[in-house]
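Encoded as structure tokens, the structure appears first; notes follow it.
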Amino acid sequence: MGLQQPQIHLEKRDGVTVSEDYGTGLLENKLCVEDFVKIQQVFEVPSPNQTICMPREEFIQKMTETVGCGTKEEFEELFDKVDVARDGFIGWDKLTSFILLSLYERDEREKATVVPQWKDLEFLPGKHKDTIQKVVFLKSSSRYLTISKEGLLGVWGENLKLQKALPITADAAKLKHLWVTSLVSLENVNKIAVAFTSREICFYDLLSKEEFPCQYKLQGLRGTPICMDYWYDPLDPKESILSFGDITGKVQVIVFTAAVISLFERPANACDDEEATMTIDWADLLSGCHKCCYILQHTLHHGDWVRQVSYNASLDAFISSTTSNTNTVVLAWREKSEKLLKMTSFNIAQGIHAFDYHSQLNLIATAGINNKVCLWNPYVISKPVGVLWGHSASVIAVQFFAERKQLFSFSRDKVLRLWDIQHQLSIQRIACSFPKSQDFRCLFHFDEGHGRLFISFNNQLALLAMKNEASQRVKSHAKGVTCVLYNSLLKQVISSDMGSTVSFWMIETGQKIKQFSGCHGNAEISTMALDANETRLLTGSTDGTVKVWDFNGYCHHTLSVGQDGVVDISQILVLKKTILVVGWERAVTVFRPQNFNQFSIQPEEWKGGIHHQDDILCAAFLPPQTLATGSYDGEIVLWNSSTENAHHVLHPDYQRQLTSKLDPEPQKLNANRSCSVPCFEEQATLAAQNFEIDTEGNNAVMKLCFLQARKNNAATGGANLVSCGASGYVRFWDTFKKELLAEFLAHAGVGSIVMSTDKQNQYLATGDPDGWLKIWNIEDYCTSSTGNKITQSPTLLRSFQPHEDRISSLQLCVSCDHLLIISSSADCSVCVTGLCNAPALIFGQASHWDIESYFSFPTRDTNLVESKSQEESMKISPLFSKEESCLDSTEDSLLTEENKDDSLHIIRSSEEINFSLKYKNRNMHKKKAHKPCYREIIEKSASTFRSLSLSRLKELPEVNKPAFLLDPDKYFKEEPEENEPQVPELPLLSETLKAVFDEKHLFPKEILDHERQDKQLYQGTSGDMKIKRNKKQL
């Protein structure tokens, strides 16, 4: 289905929208900072141990005299509000406490009454054939999971692109006779639990090499589980709770006490194969055979189907609901000392479909079959504390917008309402354009972190996404920015967005100079790269194509990456003779520029085959021939770029050597991919079979960077490769010894991160999905092998939040002698900042900047002036000679600089790179291993005199003039030369010319006759054409 525009209406009351600010006319809201300073001066006392308390009349008199705004009546009202105890006196502490509280309440009111703006309703293309039962979001990997009744599991990326769809079990005959009823994510142990109509709950491992193998099967339940909920303690992941309700009215709970170690104990009769499914009998759990968990349950619903169950830690209670009008909502409170439950219940007329709980407001919202949304205090069961009227059909779903203290409700007639809880008013009504059908099953899920509302209609999944809040923040693009590059040749920043737009900015002023629109139609540009000469731009898109552009906006070539279908391109890496493209598939796609003889280019064969078990997400290159590729399962494969053969696999928990070529033909990842993965001979001895599960999240490699400046690490055993993953970790590897040297948690609990390093590999910048940017000093980090893995993080120089949303790309560059960090974000902005406490400038702001003045050095010590003058003479030498860096003319000089630290690049010797006084001081005494070119010699010789100390010259004695100045005629007078032969004069041309120049005698007679005939023919033809033209005009 296509895009549909939802009908959105703002609700009004008495002609005023509820989104208008409350209390704008109050005096405390009119006072500014200067007014509060004046008020504070009135209450000041000479001694800090004394306080001034003013009576009502004195306060009113002094305030009207001191403060510029406010009337006598307004200050009388302010005094009465502050003096709650009616003491007749108020002091500075009382006044400030009241002002702060009133401002906080005003902010809360404004936040609660902000009406979100929505994008067009979008139906996501999926492969589900039956009703969608659940939508969950995996925070550790930033992916969505959907599951339908027929057992088809859909895996979606954070960009809501369907990555794969596969059956939850390989037994097709089994799926024909049972349905999937529910799904929950066990994030602290990287598993999912799926409930079936066969009265079973299966636990699948998300970190396994295979496609979601079943690790545990819980069977023998008395009733079919139809709803589930999972909770774990973020401070103690070992404690977690799985609760589920069934069709017999039972609410049953499994409390895990060592979830990180094992959910269940291995039975004595279990086979030794760790990959085999372990069967757990419900009767064994009830009898207490498993010491790592225990059971809680109640049957207060008396045979009614339990529609929803949830555990809330703040209440320490289990909440469950049915459609019955007796015991509609049951709260089962946990007893601290004993494994018992204390029960309370709410009786709601006609029953409810769903509920939700807000811990801060301490309210339970219920979706009533009687068209009402009721708000309940969990400790008051007699009647609701509020009733929200407005729906004309039974309400089937409710969910709190926790941050804004608002509530969503969705009714059977496909109407969505948003409520202001404080005033119990409907502030927005959205009528969704679902297909017309009376019989449908609807799923409602709001992902507050991303502002996405999912509503399913049977097997169709619809998305209603919130627009970014209108704020004073400057936007560089109309849509989220996906990638950013720096062109050092033109001193320009290049950025791309989800709307297929590329913009060019001047780094020195922030001015936009040009923009390319619709580069890939409506498809998102996911990555970009530059060639070595920085005269060509390569853009990769989610439509599976890579385009080669010049800076005039002309597309020279289109490279088709997707063979069997469209792929999501994640990175472009351009080497000396090849262009490598990686994305959401296990194969490396290769193009060879020498064969670019037409506009549309098809990929060629990658000789190394397939060695990854999961999708390749990133790549990096270390000259002369080392290539590294990172995949979703955490493996890093090392290749020889010349032979295109892989030789080693690195993983945080193991490493292995590759001895044979895998998968001779690249295959597109599909639902049956697990069946096509070959068995490896070397896997029999892998330590990967027994490695411990990473409880912090999976090890997906999102970014790779080679530390090219560390040239001696092969001898010292230091790290030369950096990777960052979906769990927020940064890892340092030694690719020569094939070992992991260090890892540290750069960003905790945020999911996938991105990173970049400077050319000297002294600083590392990392960015996370919350918009936070951290800068680390890695100059002396992991420079030698210690034998043990380092877990301590390097020195953190700066941590700040330049963006409001996910940081999508980072670049470290040098401009105007300063090291700059350029970041792009999904909040539509591109920022540039410096190392230490520098301002974050946004490209696109109204006023342009001067980069030199914004990032100039602070006041320096005079002792540093001389050292600075010496440091200014230092130049960064090229890493490679011109012969090694340049490409053949047939390759069109396509050498990437998408990530300046990931590929071969040229550094011009004429550029002075001064990061900071300390940064330059480090480089000043480094020896140059290469032979400098003539231009470098000239510059260094000129700079040498700057370091000389200058003083007054001594007076020299008088010097006599030399003889050639006293008698110049003696030395410089011209004397006639003797015996010099005379040069004879040449005769005139008129005297030697035998005949006058004549054209007739210069050429043969035949040529002259032929030319004369041609002239006559031409004159006749042109005359006829003039006559015809005149006739037509007449």
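Glycine too: its Cβ is placed from the backbone N, Cα and C atoms.
The range from 881-902, 1013-1034 that TrEMBL describes as region 'Disordered' is residues 1013-1034. On the 0 to 100 pLDDT scale, the model's mean across the repeat 'WD' (474-515) is 92. Residues of the repeat 'WD' (474-515) grouped by DSSP class, helix first, strand second and coil last, total 0 helix, 22 strand, 20 coil. Nonlocal intrachain contacts for the repeat 'WD' (474-515), taken as residues 6+ away from its ends with a CB within less than 8 angstroms of a stretch CB, comprise 521-530, 533-535, 537, 539, 541, 549, 551, 553, 805, 808-811, 813-816, 820, 822-830, 832, 841-846, 848-852, 897-898, 900, 908, 911.
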